[in-house]
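J.: Just passing along the structure, written as structure tokens.
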Amino acid sequence: MPQVAAIRTDSSNPASNITTLHTGAVLLLAALAAMGALATNIILPAFPSMARDLGASISQLSGTLSSFFLVFGLGQLVVGPLSDRFGRQRLVLSGSAIFMLGSVVCALADSLPALIAGRSIQALGVCATAVLSRAIARDLYDGEELARALSLTMVAMAAAPGFSPLIGGILSDAIGWRALFIIIAMVALALALIYRMRLGETHSPDKRSPLSVGAVSRSYATLIRDRRLMSPGLSVSLVIGALYAFFSMAPAILLTGFKLSSLQFGVFFAMTVVIVFTAGLIAPRLANRWGQMTAARIGLVVALAGSLVLLWGPTDFKFFCIALSIFLLGMGLFNPLGTAIALHPFGKQAGAASALLGFMQMGCAALAITSGTLLALPPYTMLGVVLVGAMATAFVCFLTAE
């Protein structure tokens, strides 16, 4: 099994101690990866009070999510190549600072346009930590070690949307929605300081790529034509898109359809984390036993099976929980392995490859969420259609992966 590799061996570089900071480093990467999801979902329970204070409707507040995802997706395409040229540390620290600035703007917002501006600034900053968490993992780890590191980061990215609505609901009731943004900014500051002191730069100068518009364009063009990235990367993106489709349709299914209370809704989302966390722990073990490709295919088959059960099974709450649990188990197995397979061949271009992968994920998320509104079907049925379509396409794409 490949060992964790430090980029430098000099004591001035925190990354040189990565072999003794293995668990801490991976936990830090997981936290950086989860910041985007945390910043998005923690404010959802506060939408009614935000709408009242800002003189806007809840549907108008949804525009803040749209602007966030738009900037988040596009920003990754810029951050990746910049990090390949100038290193990861500058981008992580500057991105954290920009995110904190956006959080303060949101906290002080007295109108909807001001909030949208703050959310856009947030997205511009947090896209750096999201995309570079994967690139840093690729800097430090290889092979099955990379799969282990990405397993935890994927668990964190899945856990943040699960726990943050519950946390956000409790905190917004206690201290108000504006304080949520200050808390998020403080979390970002703490993570940036820990990153600077305990990890630092991981992309050594001898591995950096030149930066120019032509070079960036050629880099992305090369990556887009490379099936080693695009086949597993598109599969991962479709799975992520299916997950976001569930997030977007869950209120209609659970609150309106099954009449869950807000607290029950938050607890339900929190319980999904247990499934994804369990799958994240199982994934590296399956990879060790059968290889990454086989283990990843198993995850896709399980996710597709859960989607089919959801579409064709009874439309009651118990069956919904069973079908969704199967889907989440498969998703949790496949995501870290598929991501590791996609990024493994691109050590020198890890930033650009990770950025392109992140852009594809945001694109598939937007497509999946939009597709859920195109057909006049009940939300429960529509979710089944979207999940089956996404999982079947992901499985076919992955069959072409090298």
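Even glycines carry a Cβ here, placed using N, Cα and C.
The transmembrane segment annotation in TrEMBL covers 21-44, 56-79, 91-110, 116-137, 149-171, 177-195, 234-257, 263-283, 295-313, 319-343, 355-376, 382-401. Annotation comment: TrEMBL describes 25-402 as domain 'Major facilitator superfamily (MFS) profile'.
I'd like to know what surrounds each of these features in this structure.
T.: Residues of the same chain lying 6 or more positions beyond the ends of the transmembrane segment (21-44) and with a Cβ under 8 Å from any Cβ of it are 4, 50, 65, 68-69, 72, 92, 99, 103, 122-123, 126-127, 129-130, 132-134, 136-137, 140, 148-149, 152-157, 159-161, 164-165, 167-168, 171-172, 177, 180-181, 184, 187-188, 191, 194-195, 198-199, 247.
Looking at the domain 'Major facilitator superfamily (MFS) profile' (25-402) alone, the prediction's average pLDDT is 84.
Non-local neighbours of the transmembrane segment (263-283) in the same chain are 45, 147, 151-152, 154-155, 158-159, 161-163, 165-166, 169, 250-251, 254-255, 295, 299, 324-325, 328-334, 336-337; each lies 6+ residues outside the stretch with a CB under 8 Å from one of its CB atoms.
Outside the transmembrane segment (355-376) by six or more residues, the chain places 69, 72-74, 76-81, 127, 130-131, 134, 220, 223-224, 229, 233-234, 236-238, 240-245, 248-249, 339, 342-343, 382-383, 385-386, 389-390 with a CB less than 8 A from a CB of the stretch.
Residues 227-228, 231-232, 234-236, 238-239, 241-242, 245-246, 249, 253, 293, 296-297, 300-301, 303-304, 306-308, 310-312, 327, 330, 338, 341, 364, 368, 371-372, 375 of the same chain lie 6 or more positions beyond the ends of the transmembrane segment (382-401) yet place their CB under 8 Å from a CB of it.
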